[in-house]
Amino acid sequence: MGFTDVIKRQTKIDVVQRSRGSLSTASMSWFSWLFTLRLCSAALLLLVGSQLGLRLGLQMVQTATCTQWGTPSDQGLFKDGDVVIGGLFSLFYNPAAIDNGFTELPHNKPCTGLEYLPLQYIYAMVFALEEINHSNSLLPGVKLGYHIRDSCALPSWAMQAALSLVGGDSATCDLAAPPEYSSVYGEGIGERTGDQPVPLIIGGSSSITAMILSRILAPLSIPLMSYTASCPCLSDRLQYPNFFRTMPSDIYQARAIAQIAIRLNWTWIGGVIANNDYGHVAIKIFQEETQGTGVCLAFIETLQRENIVMDARRAALTIQASTAKVILIFTWYTDVRELFLQLANINVTDKQFLASEAWSTSGNLLQDPITSKVASGVLGVAIRSSAIPGFEHFLRSLNPSLRPDDKFLWEFWEMVFGCSPGASPLSTSSPSPTDRLSQKASLPPCSGRESLEEVQNLFTDTSQLRVTYNVYLAVYASAHALHSLLSCPNRDSSPGNISSTCSSPKQIKPIEVLHHLNNLNFTTPQGEMFYFQEGNTPAKYDLVNWQNTPEGSLKVVLIGRVDGFDINLDLSAIQWNTGSNQVPVSVCSESCSPGFRKANRKGEPLCCFDCIPCAEGEISNHTGSLICERCPSEFWSNAKRTACVPRQLDFLSFNETLGFILATVAVSGVSVTTAVFVVFIYYRQTPMVRANNSELSFLLLLSLKLCFLCSLVFIGRPSVWTCRFQQAAFGISFVLCVSCLKVKTIVVLAAFRSARPGAGSLMKWFGPGQQRGSVCLFSCIQVRFVFICIVWLSLSPPVPQADLTIPGLKVTLECAMSSVVGFSLVLSYIGLLACTCLLLAFLARKLPDNFNEAKLITFSMLIFCAVWIAFVPAYISSPGKYTVAVEIFAILASSFGLLLCIFAPKCFVILLRPEKNTKKYLMAR
């Protein structure tokens with residue numbers, strides 16, 4: 001038979017199948033697809049065989065035109081019924097080596113290493129189905145069966161087992177009379193147990209497996225209901241329209257763990273994840289949730305199951321080298337077991353672990369002595385636990401003698417009791433019968449008195465049913481969907497055919513089951529509302545903590561719950577890895593205390609930073625401040641930069657050293673001036689006093705005394721009246737002083753000019769009356785400016801005001817002038833008088849006389865001008881109250897310069913050289 005003949009025969013088969021009215025269109029499509037797969041595969045083998053000259057392959061195709069690749073597997077738990085539900089569980093964890101030599105058809109060898117918890121999941125499904133079969137309200141009169149297989153935690157195994165479940169596991173097919181989908185739910189006469197197709201599968205123990213199975217089963221509209229697949233990607237109804245789960249999406253547990261880290265102020269966390277969607281998606285959601293909260297990941301290490309030893313060793317070394325004290329682990333518990341072993345080998349025992357639901361309640365880890373050494377105090381998210389009444393009694397009553405066809409229970413019995421319970425159940429297609437028989441031969445026969453009543457292990461432990469409860473819910477969800485389907489749902493039908501509106505177990509279509517699952521809403525036996533929202537269930541988690549027991553082992557303690565996005569956590573109930581109730585600290589950099597701000601380190605994560613003290617005038621009053629806040633202008637930061645305090649008013653007072661010294665100097669100047677005045681009064685008839693115009697000298701001494709006295713007005717707390725009086729006293733005093741000097745200089749020049757021929761009448765213009773008039777004239781000019789200043793001071797007077805522009809806790813209280821025009825005019829006029837006086841005195845310095853006063857005036861004006869020229873930059877550059885001190889110093893310096901340069905030589909002659917105080921000596925040249 002050639003390839004063309006095979007196709008022709010298949011075409012005839014299709015025609016015959018289409019002529020059978022009892023087979024529905026939807027069921028026919030997928031069943032025909034399976035037959036086509038088998039025949040096309042045989043035909044393809046024929047072509048390859050003919051090219052290679054393999055006559056054996058040609059003979060195979062000629063003798064069996066419709067066969068299944070490989071042999072049907074009897075490694076499962078089967079019970080037929082009116083409706084059969086399929087189950088896939090990862091019961092064995094150790095896959096056998098696969099020889100890809102391409103010399104024979106691929107064949108998956110049996111896995112080894114029975115796991116107790118998946119076996120509990122299987123019997124949770126069996127228990128739930130038996131519970132439903134005995135229910136009078138749920139599916140009354142309908143018997144539910146089950147076909148349960150092992151997927152060995154491998155997608156290839158799961159795919160083969162799933163196709164066997166949905167297509168039946170018969171070795172051959174009768175092409176002359178192909179079976180109809182509805183007929184397989186009949187009496188089952190002549191069928192081998194496990195051959196019936198299933199309309200629904202409970203399975204997909206991992207997200208990868210669930211994605212693969214969902215995509216394969218989607219064209220057949222077979223619903224897949226997972227109890228542990230948690231990848232958020234499976235919520236996409238466009239890609240996975242037939243997928244349902246009783247396990248919440250990882251979005252919720254990743255967000256819950258992120259919120260816990262934020263609440264406990266863990267900002268420096270290490271990450272160890274599975275190198276698959278479970279790990280990568282979870283860590284991505286964790287990063288998104290903690291973005292902007294100051295939480296950083298110190299590292300992310302991935303674990304691959306195929307290279308678990310090498311990856312775990314690398315991750316352990318990274319954990320040891322990291323400063324992160326909290327380690328977040330998103331992976332399967334078998335990977336965590338290897339990681340803990342590697343950590344124990346390098347003696348890493350000071351880390352606080354955050355656990356995902358995949359290992360937070362793992363009994364294998366809790367019972368491992370290495371775990372208690374490395375990972376006490378684990379804080380994790382766990383699947384919500386719930387009690388299943390009667391389930392523990394059901395488990396402990398299991399016995400191989402009561403279930404002779406249960407090969408899973410048979411192998412479990414051998415592991416627990418170390419004996420063979422009896423003859424092996426019949427097996428027509430066991431993959432390795434020789435190995436199994438040799439194993440049984442090595443075990444002694446059981447006595448029959450063995451019982452699980454006193455056995456304590458993960459299989460019999462029902463204290464915390466988590467994934468087990470998810471399986472239990474999946475069975476009840478399937479049953480309620482079937483109940484809704486078989487309870488006359490509202491669907492389109494012809495008015496005359498009333499019976500067609502109700503389904504029967506023989507007419508169930510997978511697409512109808514899928515529809516009813518989407519609209520499911522029921523109350524569980526535990527009294528909780530259950531429904532699917534886009535294939536997902538509401539997120540409910542437990543928060544658990546691993547705590548030490550007095551015996552030295554670890555136990556799981558409930559410390560809180562997660563409902564959606566709400567977290568309830570009892571911190572006082574947590575026992576940390578340190579053994580205390582004190583929350584461990586895990587930070588890259590210690591939080592900046594008040595008075596400091598964070599400064600990010602270049603090239604490092606945001607939670608690694610330096611603490612920089614706040615600048616003067618800025619504060620931070622809470623821990624971990626990102627910026628320092630500037631104080632209001634009336635306030636300044638305290639020494640610790642933690643609070644703004646009112647600024648202290650500062651001014652040049654008499655109580656401080658500088659103010660006292662300046663006041664003392666001013667009083668001294670007044671005293672010296674007074675003493676000179678007294679000397680001049682006493683010796684007013686002497687030639688020295690009379691020759692220098694005694695009236696102008698007395699007036700000059702009076703003005704100098706006023707200059708010394710006006711400096712005292714600048715010392716002390718500024719007030720409204722002192723501010724107004726300062727500038728007026730200063731201007732009048734110095735204008736009067738400089739005017740006297742100018743008149744004196746003019747008198748000297750006039751006196752010497754009058755000695756020339758024809759200039760005798762010059763002195764009549766500079767007699768005593770004219771001199772007094774000149775002084776009054778210059779003073780009157782000043783009075784004009786004073787009048788202008790009075791108007792200015794009345795309209796916009798200087799007022800005491802704190803200079804808030806200068807930084808510092810102490811702020812200078814000074815006389816602030818809103819306008820400097822009037823004060824500038826006063827200074828300008830004094831400067832003009834001083835310059836003209838200096839010029840005139842300079843011209844008269846060489847006039848012939850034994851005692852030429854013009855020389856004294858020249859020196860005094862030089863000092864006067866030098867002081868006030870130096871005053872300008874010093875005044876501008878001086879801060880705070882020192883500007884006032886500079887102005888006082890300039891007043892005192894210029895006043896002493898005038899006093900000493902003009903009157904000191906005269907007093908010296910009057911008091912110490914009286915022989916020179918004669919008219920003859922003064923007139924001598």
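The backbone N, Cα and C atoms fix where each Cβ goes, glycine too.
Feature list (source: TrEMBL):
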type: TRANSMEM; residues: 30-50; note: transmembrane segment
type: COMPBIAS; residues: 424-433; note: compositional bias 'Low complexity'
type: REGION; residues: 424-447; note: region 'Disordered'
type: DOMAIN; residues: 658-925; note: domain 'G-protein coupled receptors family 3 profile'
type: TRANSMEM; residues: 658-683; note: transmembrane segment
type: TRANSMEM; residues: 695-716; note: transmembrane segment
type: TRANSMEM; residues: 728-752; note: transmembrane segment
type: TRANSMEM; residues: 773-795; note: transmembrane segment
type: TRANSMEM; residues: 820-844; note: transmembrane segment
type: TRANSMEM; residues: 856-876; note: transmembrane segment
type: TRANSMEM; residues: 888-912; note: transmembrane segment
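When Cβ-Cβ distances under 8 Å to the transmembrane segment (820-844) are tallied for each of 658-683, 695-716, 728-752, 856-876, 888-912, the top count falls to 728-752.
Beyond its flanks by at least six residues, the transmembrane segment (888-912) meets 652, 662, 665-666, 669, 672-673, 676, 679, 683, 686, 688-689, 692, 697, 700-701, 704, 707-708, 710-711, 714-715, 730, 734, 737, 741, 851, 853, 856-857, 859-860, 863-864, 867-868, 870-871, 874-875 of its own chain at Cβ-Cβ distances under 8 Å.
Three or more CB pairs closer than 8 A are found between the transmembrane segment (695-716) and the transmembrane segment (658-683), so contact between the two stretches is assigned (pairs 6 or more residues apart). Within the chain, the transmembrane segment (658-683) has long-range Cβ neighbours (under 8 A, six or more residues past its boundaries) at 652, 689, 694, 697-698, 701-702, 704-705, 707-709, 711-712, 715-716, 885, 888-889, 892, 895-896, 899, 903, 907, 910-911, 917.
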